[in-house]
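Taken straight from Swiss-Prot:
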BINDING   177, 243  Mn(2+) binding site
BINDING   180, 181, 182, 194, 195, 196, 199, 200  prenylated FMN binding site
ACT_SITE  318  active site, proton donor
């Protein structure tokens, strides 16, 4: 089933028993986090808080708290297991778009043409008088404190926008970038835009600042987009395809877009049926910036974007289960807020796994598998355990063909997709190990690994700056473990033979099991 907007999706989830309305007053300060966290850990429904304490806007939480709801958001109506299979089909589609196979026949050529036509037909379309602009706040009416922005953890620096779909465009680019970056509230119309240096929004901003020094950089933030657009922003979409176009493929209909209203920001387009849209700029720094507080990291310097307004972000409780360090990021000044009538504020929290991003990671893991298999045909399965903060550890199952093969796969995974840039640990196992069962993975590590021979250490590599275990912020080491059976050339010893029961005996005991009534 396809959903034209967030409200359509909410209605469907409620009909399936996948959403619960909370009519009791619940505060966005800490209480929503605690309630959503308990419900998510129990595999419970999405929550629509109809009476957030002190606010007039309902709050939607735990929307993608199960793999089934992630699949539903992508248009797949199935149970958890079938949903994950369908997500692999989506990965195959992305793989075909990223690197199409050369056609071997007229039939194959026809399939490629059909796929190209489907992508072309899903080009976004512009609409006038969109629902997302039914209500407009301008001037003194622009006050972010009127929105029920969550404060998630006791040690957080303040309220935090968590599901903001940020729309940017680089200079001379027709394609808009969509990314989800958290944003700290620091004033009635000011947010800190926490985007890491390699993310699309940060790259667009740096390129703009380099080519247009001293000019304000336009940004729009969407709160409450339809599920296909939201999930498209967190999916590894090929660079040649816009997230809006990919959302159209998921939805089965073209994404409707509306131009922003603010002069200068009207070069950007946002989902026409979004709940709330923030329009504004990252402005150049006026005058000399105030010195950094004692003990704070130094202000950014040395590039064109450093000449724009920045502020210290954090600390905040993060997906690692810890509070992160403070860091400087650009300040986004909101000049206009547009919204639908009776707008819904979409929010989440991040914390020690499992949290909502970890569940999204489990679902998107299935999308990654076909992408990896397209590049590395020896990979038979791939798993990002949610306990590893969604991306910091990867377990790879492979069909090994020669000595050193596992190490080749390690470096291939680290370098293939941007999503694996921050993966610290990779464990490679053979086909006989179920990589989704920790008992089997640990058995393979403890019986097939020699720490000196089978450990690969790589120093001075890009690391998530939130990873305080690294000696330098943003730069650290990676480790690979070859837990495969060793081939000649990798060992001089006779390798152990796994114990297996005789097949005929197993069949006999299967029958006996039923007779005994065990």
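Just so you know, glycine gets a Cβ as well, placed from its N, Cα and C.
What Swiss-Prot annotates, mapped onto the structure for a quick look.
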| residue | record | contacts (Cβ under 8 Å, 6+ apart) |
| --- | --- | --- |
| 177 | Mn(2+) binding site | 167, 168, 169, 170, 200, 201, 204, 243 |
| 180 | prenylated FMN binding site | 163, 164, 165, 166, 230, 233, 234 |
| 181 | prenylated FMN binding site | 164, 166, 193, 194, 195, 199, 201 |
| 182 | prenylated FMN binding site | 160, 161, 162, 164, 194, 316, 350 |
| 196 | prenylated FMN binding site | 202, 464, 465 |
| 318 | active site, proton donor | 324, 350, 351, 466 |
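For the binding-site residues shown (194, 195, 199, 200), fewest C-beta neighbours within 10 angstroms: 199. One way to see the shell of the prenylated FMN site is to take the Cβ centroid of 180, 181, 182, 194, 195, 196, 199, 200; the remaining same-chain residues with a Cβ within 8 Å of it are 166, 179, 193, 201, 202. Residue 177 (Mn(2+) binding site) falls within a strand when secondary structure is assigned with DSSP.
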